[in-house]
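**Student:** The structure's right below; bear with me while I get my questions together.
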Amino acid sequence: MKLAYWMYAGPAHIGTLRVANSFKNVHAIMHAPLGDDYFNVMRSMLERERNFTPATASIVDRRVLGRGSQKKVVDNLLRKDKEENPDLIILTPTCTSSILQEDLQNFVDRASVISDSNIILADVDHYQVNEIQAADRTLEQVVRFYLSKQKKEKLDRFLTDVPSVNIIGIFTLGFHHQHDCRELKRLFQDLNIQINQVIPEGGSVEDLQNLPKAWLNLVPYREIGLMTAFFLKKEFGMPYLSITPMGVIDNAECIRRIEKSVNPFASIFGEKGVNYESYIDRQTRFISQAVWFSRSIDCQNFTGKQTVVFGDATHAASITKILAREMGIRVSCTGTYCKHDAEWFKEQVQDFSNEILITEDHAKVGKKIACVEPSAIFGTQMERHIGKRFDISCGVISAPVHIQNFPLGYRPFMGYEGTNQIADLVYNSFALGMEDHLLDIFGGHDMKEVITKSNPIGGLDVIWDTESQLELPQIPRFVRDKVKRETEKFAKIKGVVKITIEVMYAAKE
């Protein structure tokens, strides 16, 4: 738990609620004070769904603090059981209500005696983990609960007759998750691999018993789904892939690993093994436009330009590799806020970036951007805000994001169509060649600057002494003109004819 002005990853209970609201016919109950129950509004706004968000707040107020929470929580659990008739109810405290140190498992046990629905308490330490880690843990807990339950009733362990896959980690409020899921389904259809389950988004908890029937598991995002894949491998020996099919090179690598995972099962079933090399070649040469674009004169204009990349571990690592090895763009600094996955992230990007930044502090990211002065930024909504402050364009490549990055149109980042979308995003995030040249010559079309120059305050002509002229180049280029204008404006107001370093600092104050 952390007190902060702004956080990249939210509190733990948000992760648990995302899991619950991704499944069909699952209800979540928050044991929370007023103020912690913003998830309903946030999800309704961002996901633009027709249905109400199936999450209820069991409010902790002064009466509850005086009498204890048991009656209110149990009553809310039973009420939702009758009203909604869900397959599963997940109870979660928030980091605030966790301070009360109540025995919520006892409340769940009491309600389970009467309830027709399954009820579980989210097994998450709200003081130690964030939204991402809590979502990963909660998904694994739900899968473990239902598979353990089915084991007692004899679980069907027979594999599907044809190659099949589980896609694990598609979530509500995920960054382009719905679009990526469609693209992954299209990819597996092209490879003649059947989709066994997609969890948790749109999945049913009653169908979790069929997870072990798949030939392999794919975890497209490292942040959420790996714990479930580990559990399925340990309990059922299911192989899993955690490579993200983002970018031309990693798409090919992912498909080759799928081939290696499928062929051993094919030999067991007495079927012919698969070879996807011709498919990779065809997609790379004719379907993905990113390959020829990276060789075009447009992309060559980016040579020598600097970028800063920041986001979750999956997207930041993938975009860094795409920029550096597929488009020849220099990545001056890349980073992630996923501190728990820092070792993997460093291993992935160490050969593609001059500097690596692991932090949850957006102020440090802002300082790094100000220091580097990149031509473009690729990050979250916070990096977009930072970019606006410094007048640097930002392409959004990772959560957290606002509503404009929940597009209604089809915008995958994964698969071969995703390579086209990423190429467009990168291209549109830079000032174009001739545009950049004209801006250097004419200084753009800043009308405020024209007005300031044509309407000087007072009639004084100010001059800069030698020291102050030497100081000006030390100021970052993107704010240098503004500093110069504001200093001259300050000098004219004060009646100062000669600008010294002292006048510059006084103007700054």
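Residue positions begin at 1 at the first shown residue.
Using N, Cα and C of the backbone, Cβ positions are placed for all residues, glycine too.
The active site, proton donor annotation in Swiss-Prot covers ASP298. According to Swiss-Prot, the [4Fe-4S] cluster binding site annotation covers ASP36. Under the heading substrate binding site, Swiss-Prot lists GLY433, MET434.
Could you place these features in context, so I can see how deep they sit and what lies close by?
**Tutor:** In three-state terms derived from DSSP, ASP298 (active site, proton donor) belongs to a helical segment.
The Cβ of ASP36 ([4Fe-4S] cluster binding site) lies under 8 Å from the Cβ of PRO11, HIS13, MET30, ALA57, THR94, THR96, SER97, each of which sits 6+ residues away along the same chain. Under the DSSP three-state reduction, ASP36 ([4Fe-4S] cluster binding site) is assigned to coil, being neither helix nor strand.
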**Student:** I'd like the number of other C-beta atoms within 10 A of the C-beta of ASP298 (active site, proton donor), please.
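**Tutor:** So the number of other Cβ atoms within 10 Å of ASP298 (active site, proton donor) is 14.
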